[in-house]
Ligand SMILES: NC(=O)C1=CN([C@@H]2O[C@H](COP(=O)(O)OP(=O)(O)OC[C@H]3O[C@@H](n4cnc5c(N)ncnc54)[C@H](OP(=O)(O)O)[C@@H]3O)[C@@H](O)[C@H]2O)C=CC1
Ligand SMILES: CC(=O)[C@@H](O)[C@H](O)COP(=O)(O)O
Ligand SMILES: [Mn+2]
């Protein structure tokens, strides 16, 4: 049983889970299930997975269950009738669910769709456990400005950023030399480009180490995931872009490292199980017990590291260029990637065309400043339109 510092036996921590039906959402609820006295669920949100949302609502008895796809409203209402659980549907209802006062919000919606509810939660002053990296890619500066303005607490859940969060000396950032983001290299780490041209969605979502949703699994395979994480790290930690390195580490045991000016390198290690970083956020500032397999380095025997290959994985180059260019470029990169990944999963385009579509979209749209959230929304819409048009030409 956990014993977080901010909790007493009579006051369970209240939690809302956005993206409850996804991989992060389910892992979060698994930890809650194992610690029933320590947490109470306020709101659960899903998008299309009605059956799972109903099952989760019946098990965890939140005050509110929201389905993003409004066509499921009646079915959700009927299934939860008589339970006392409030029901809502539609995109706006997902955002409004973030108004519910809670101790912690798990932001685990996939894609830029997570931006508005997460911002709403920040504005209400919730502690936000952030899995949704696309928030920071498409609106990093505005998002972090909002965090500062609200004095909000942001707890990184993405395994690499959670690792860095655990070993970064926030009191002495000037002592940090570099951040080293580890990358598994994905299922095609050793493949040549000709072979990658033929891969199927089934092969691309089969990550060697992690069990994740389809979109992030494809991102890992193209290595856009590491590109998005580069931009995510830039916004989360007080370092310059050139201080963030990417290092291929196929075993996903060292989750990331911070290198200090005295030559010390601090790393966080663990079995690849998202329940460890999720638990760090759920229990924060205390640690809680998880069922993650204990690391046995003697059994693992060796850990490998290598430089990333920017020729075979152009996503890494594109993401760094977008970060350095700034302005609307990261928003465009993220939106085009979301469109291209969806197209690949729907078998409209080939694997290598994901990065091609992102690159062409970036080349098509002029670099411009992003002043406010309306600019982000407009850039996101326009980039999706352009990426979609490029995809149709390829199809
Ligand atoms: N999975 C992992 O281990 C890791 C994930 N992350 C990040 O966490 C986030 C979630 O990833 P993951 O759990 O894998 O994703 P999944 O695809 O497994 O789950 C996504 C969740 O978001 C919901 N959703 C999808 N589209 C919308 C929308 N338009 N509006 C509202 N809700 C929506 C889905 O609902 P439904 O299923 O009901 O349609 C589901 O609950 C991503 O940003 C990812 O990059 C970061 C590190 C590790
Ligand atoms: C679990 C997690 O945080 C993922 O982002 C993971 O890191 C993906 O693995 P890659 O290193 O292959 O992108
Ligand atoms: Mn990650």
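Every residue gets a Cβ built from N, Cα and C, even glycine.
Keep in mind that TrEMBL annotations are predicted by a computer and have not been checked by a curator.
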So TrEMBL lists 133, 159, 160, 207, 220, 225, 226, 229 for 1-deoxy-D-xylulose 5-phosphate; which of 184, 259 goes with them? 184
Per TrEMBL: NADPH is bound by 21, 22, 23, 24, 48, 49, 132, 134, and from 213, 227, 263, 270 the site also lists 213
Fill in the CA-CA distance, residue 132 (NADPH binding site) to residue 158 (Mn(2+) binding site), as an integer in Å. 8
Restricting to the binding-site residues 21, 23, 48, 158, 213, which ones have a CA within 10 Å of the CA of residue 133 (1-deoxy-D-xylulose 5-phosphate binding site)? 158
Among 48, 207, all listed as binding-site residues, which has the most CB atoms within 10 Å of its CB? 207
DSSP three-state assignment for residue 160 (1-deoxy-D-xylulose 5-phosphate binding site): helix
Can you name the residues of this chain that are 6 or more positions from residue 225 (1-deoxy-D-xylulose 5-phosphate binding site) yet have a C-beta less than 8 Å from its C-beta? 183, 186, 216, 219
